[in-house]
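So that you can see what the record holds, here are the features copied from TrEMBL:
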type	residues	note
DOMAIN	A:6-118	domain 'Acyl-CoA dehydrogenase/oxidase N-terminal'
DOMAIN	A:123-214	domain 'Acyl-CoA oxidase/dehydrogenase middle'
DOMAIN	A:242-369	domain 'Acyl-CoA dehydrogenase/oxidase C-terminal'
């Protein structure tokens, strides 16, 4: 048994760490966040040039053939810098969906671009009524000649504001919330009838809601078999959950370092406040939460690219549940330990705190995954 | 044992309701109920209505224009005003500096400042915390040195709530460095327009400008602006803090926020059904409602004891901790109820005159920001850690 990274994995992680340290200061991040894209195009380009956007892809696509652990190494470092680039959306989710469901010509058309960081893709799987359920799909795709006509709305598509390609789930059969009858389409945001309402997110990123009104696409927009996308969607969301957990661990690490530093530096009543037992114990709890989260992120990474099974489903639900709770705990207790200063825009801690709470709102919160876990438990 | 209002108290409640039905401006109430930003003008407009009714200064003796309400009446007012969406009184003038001036100030100060607080001419802010003096307030360093008829003030205050609107600030300043920290502090009233004062905004994590830093550079303050005696300011500050602590539990506000949460949860969907029907979510709401019920009764017990002539002591500290935790739990649930829509921060929807389509829910826009903003509840007014210290010392004798 050995939990250490191998030499290659360590080199990968060091590369990302160096890049983030050099390019992603807190001040720069605030600037990136304010741009129309909502992230640094330049940093994204560098991720591409260094082959980091290709990490999970096969070697013939210029990739690394990386699995869960390699992705984890990248995501944790991106988390430490609170990086805003659409790595999760484009590389992990969209890349994964096309890789799993796409036919040869679709893969050829899009995957190399995604792996090189030249094509940015986003994924619209949620809807206004869906909460976190991936099967609650009301967007309809009707067959029309050779192609399809799409109508509906996709909610909170992070990175959708600047994506070159958007993958959306739409119902070709069945009724709302059936897992059968869901299809996946790749559409260009420039297609007539695609309307994006772009907004900033409270944690400094950008996203959009996408309304589809009589959007005509060809048969070549369909990814995988008609009506059978739910397995791929579930599987790839699982990979994304593992990646998001890894990001969260990076965010938590920095949040805890900042809080610990503050406890050592800040003096009240003539001593560093870290001398007060109530704050010591709280800091210990925050560290324990981080370690719980780290363990689950490792476990999630280890099953991310395994074949689908109830065991994999359970582990990923468990991991996201732990990450959601640990993240909120570290965020809230970290703010409390800092006092007012932990709530100010000018101090980086507040931005780590916000990201941690918002990670809980991506790909299902701790309640959602607890329920999912319990359902799997009852079924076994 | 009797937990019911008397006939007089019920009549008072009817009077309060009739007044609010008639006089509370609908646009202001809508902002409060929807957790929207209130402008300085909104606060001033409502204060004028309250003053005309004679209900603005509920902590003052009648001779200065106050209204003599019993603790139960104050409680009824608090309950009803939260339910109706009355803006929270900006406490710094009417409920903080005024009681200090009334108790420790001289006649001239009373004549000069109290009417201006009632009329809304003066907007006060509080100069207590400093970058190096938070929970350890007595370690404050802002210096006031006597020079003839003036004090020369140098230093910095922070977390000054709504200081950007204020024309007056009451400050704790150090006038004596030779004695124990608590014994060298004085209570000064300072005109914000005096040369040498700079106000700098502190933007909080939700993007709001609510608090400020206030810098003092050779600020000349007339000696007649000293309240009470030199070096006795700590006593006055502590007196003021007892006023600050009452009401910090925010029971009425939590009730309003809970009712808002229930409405929200009945509009949001999960698996095609209203979220409030989801077993797990409805249990979460139920749990916080149960805790709130308990805290509300604890609050009534304190009120009844004060009504009977008691002094609220460390019990209010306990209630501050519970009350703020409950309110934060409600904010947490409201954010959770939005699901993925907790992420978008659609600022234009914060404006009540917004006429576009709402991204998710008419009341979604402020909720994540409010969750983050209200982390302050367990920090300000004496952090919850400090409140627990008070309880363990005063009640438990530890």
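Yeah, the Cβs are placed from backbone N, Cα and C, and that goes for glycine too.
Assigned with DSSP, the residues of the domain 'Acyl-CoA oxidase/dehydrogenase middle' (A:123-214) fall into helix, strand and coil as follows: 3 helix, 49 strand, 40 coil. Averaged across the domain 'Acyl-CoA oxidase/dehydrogenase middle' (A:123-214), pLDDT for the predicted model comes to 97. With DSSP classes pooled into helix, strand and coil, the tally for the domain 'Acyl-CoA dehydrogenase/oxidase N-terminal' (A:6-118) is 82 helix, 0 strand, 31 coil.
Note: the domain 'Acyl-CoA dehydrogenase/oxidase C-terminal' (A:242-369) comprises 105 helix, 5 strand, 18 coil (DSSP; helix = H, G, I, strand = E, B).
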